[in-house]
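Features reported for this protein in TrEMBL:
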| type | residues | note |
| --- | --- | --- |
| DOMAIN | 22-77 | domain 'Acetyl-coenzyme A synthetase N-terminal' |
| DOMAIN | 84-462 | domain 'AMP-dependent synthetase/ligase' |
| BINDING | R187, G188, G189, K190, T304, N328, S516, R577 | CoA binding site |
| BINDING | G380, E381, P382, D404, T405, W406, W407, Q408, T409, D493, R508, R519 | ATP binding site |
| DOMAIN | 524-602 | domain 'AMP-binding enzyme C-terminal' |
| BINDING | V530, H532, V535 | Mg(2+) binding site |
| MOD_RES | K602 | N6-acetyllysine |
Amino acid sequence: MNDKVALSPEAQAGSHCPPAKYETLYRHSLEDSDGFWRDQARRIDWVREPSVIGNWSFDPVDIKWYEDGVLNLCYNCVDRHLPARADQKALIWEGDEPGVVRSLTYAELHGQVVRMAHCLKAAGVSRGDRVTLYLPMILEAAVAMLACARIGAVHSVVFGGFSPDALRGRIEDCESRFVITADGGMRGGKLVPLKANVDAALEDGPRVDAVLVIRHLGNEVASTGRDIWYDPEAWADAGELPCEPMGAEDPLFILYTSGSTGKPKGVLHTTGGYAVWTAATFHFVFDYREGEIFWCTADVGWVTGHSYIVYGPLANGATTLMYEGVPNHPDFGRFWDMIDRHQVNIFYTAPTAIRALMREGDDPVKAHNRASLRLLGSVGEPINPEAWRWYHQVVGDGRCPIVDTWWQTETGGIMITTLPGAHDMKPGSAGLPFFGVVPELVDAEGVVLPGAASGNLCITRSWPGQMRTVYGDHERFVQTYFSTYKGKYFTGDGCRRDEDGFYWITGRVDDVLNVSGHRLGTAEVESALVSHPLVAEAAVVGYPHDIKGQGIYCYVTLLAGEEPSNGLEQALRQHVRKEIGPIATPDHLQFTPALPKTRSGKIMRRILRKIAHNEHDALGDTSTLADPSLVDSLIEGRRNP
Ligand code: WTA
């Protein structure tokens, strides 16, 4: 499957980065890193230009970029565009129901951001305070992020699909005293009771000073003394509110993400490096041209929404589309219908959505003309070559280049990708490193593997968009990312490099699941399961799933005397949904009298993984198990998911 798809001449015409330029810029980015990133920093307007560019070390771990620079990212995304783009649309929003559309020009966005910033200040939010956002995909989500950035508050967006318990944990961890939510949101015709979830999260839990509630649906919700109903009109005459000058290394946001152990980590990104990284990657990777409409289908609750719905596009003065709903509502033609109605030029989505839509056949796609499309993107998980080809041939009519972008919450923005205009494409390969990125493959012992090889993916040098710490736990940051291979950032992904230097991500090598492009720790699902009163022990692994990429396979041991039943299976599914959220719903649950353990009591996940993968013949050595006979009963108990 190493065959290349050549770039069309149309794709190369007018590109920001033809092949020779990629070579030159990539070399420059390594040979003169400071010079290169000084140049790229010109994409940003600084209050004080940085004189120090990169200042970092991976051993000991200390990462700074542009440390003496001063800037405000809201200013860069909004105010500075006003002279040239006041009347250009900054954001277009479409609701869950087709054709329900609102938009904001840059001038209107400025007005809305200033109003919300006034309201936040009046509620007591100051520079450095954490503000938790728990919102549907509405314009106010972007407005709230930018309003926080404007006044120097640190936003922590929590995906609206997370449960009250998950929300509470994230409010507590960053000691956030402010929450911004909405009465409710709509997804696929179903109401998500966001405000009620916030109330549940705060019951007997963290004390917050205020909950700012945005009226979106107008549904009935309970009120409490801490609620402030947001009325933008009330702030219409409040006047300008200048942007807070921020140090480049001042925190911009926290975003929780799952790791292989423990509870989710608060990934902390700072202002200057993140601004430059998102602005530069958006410009080069999407090859953005003046006036184009960009649509990223992610949710702002994930990093993709932060970097490529809000900050990257707006820093470039682009027009970015936000969609409240899901790909199959009211039917499987929804994406393509929206692409036509909004004349979308660049479309960025996840393999799981592509596979789900591919399953419905070509007709729903062909029913729409999609002539506006120029470029397609993929993100979040490995894309299988079959889905890649369908995306290319059917969705893009063979005309549009595909950028398969590999990156992580931790990396802030795109790290490995083909560049449209610069490289031929290989279906299923993310391509080549972005400027300044030096990937390295190592084996389990840390030996560096040169040339064509397969191994664990590390990055050897810092880049401006890199996360700086785990909020409140710098030691965890060091341990998680820099201790497996000393002096290197370890991504947690496995990867193959081919003879052309193209990278093929093979997926996580740690205990992180990627379910429909959503990251989940097996440990989180396990702890949700064992919090059920009848469960003694649980072990969770991923298994290949046609649409979701990975499904969630749970092995459950009940307390002595308890009997498995269909009813209990359903109850456990519900329990996990309630504890974490619908994205964590187990796909497959197997009751077992015991878990396979070594004599020292360690669960042998390798065996559980093999059984879940239906690879019973490849279990490997089982002689170290305390009870080797358990394996047969596990195999027998496996039902097809
Ligand atoms: C996976 C999402 C293959 C990978 C931006 C990574 C990918 C994890 C790709 C990060 C891709 C993301 N090809 N795998 N193009 N993009 N991944 O933090 O396993 O939600 O480590 O960031 O998604 O997920 P996260």
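Cβ coordinates come from backbone N, Cα and C, glycine included.
Those TrEMBL annotations? Automatic predictions, nothing curated.
Quick caveat, the model's predicted, so the values are computed rather than measured.
Mapped onto this structure are the features recorded in TrEMBL.
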residue: R187; record: CoA binding site; DSSP (3 states): strand
residue: N328; record: CoA binding site; DSSP (3 states): coil
residue: G380; record: ATP binding site; DSSP (3 states): coil
residue: T405; record: ATP binding site; DSSP (3 states): strand
residue: S516; record: CoA binding site; DSSP (3 states): coil
residue: H532; record: Mg(2+) binding site; DSSP (3 states): coil
Inter-residue Cα distance where the pair is T304 (CoA binding site) and W407 (ATP binding site), in Å: 9
Least Cβ-crowded entry, counting other Cβ within 10 Å, from the binding-site residues listed as T304, N328, T405, T409, S516: N328
Where the C-beta lies under 6 angstroms from ligand 1, the matching binding-site residues among G189, N328, V535: none
Residue counts (helix, strand, coil, in that order) that DSSP gives for the domain 'AMP-binding enzyme C-terminal' (524-602): 24 helix, 27 strand, 28 coil
Winner by Cβ contact number (other Cβ atoms within 10 Å) across the binding-site residues V530, V535: V535
Environment of V530, H532, V535, the listed Mg(2+) site - residues of the same chain whose CB lies within 8 A of the CB centroid: A528, L529, S531, P533, L534, A536, A538, V556, L572, H575
Stretch-averaged pLDDT - the domain 'AMP-binding enzyme C-terminal' (524-602): 96
Candidates R187, S516, R577 (binding-site residues) - the one closest to G380 (ATP binding site) by CA: S516
List of residues, in chain order, with Cβ under 8 A from that of G189 (CoA binding site) and at least 6 apart: D96, H329, P330
K190 (CoA binding site) and R508 (ATP binding site), Cα-Cα, nearest whole angstrom: 32
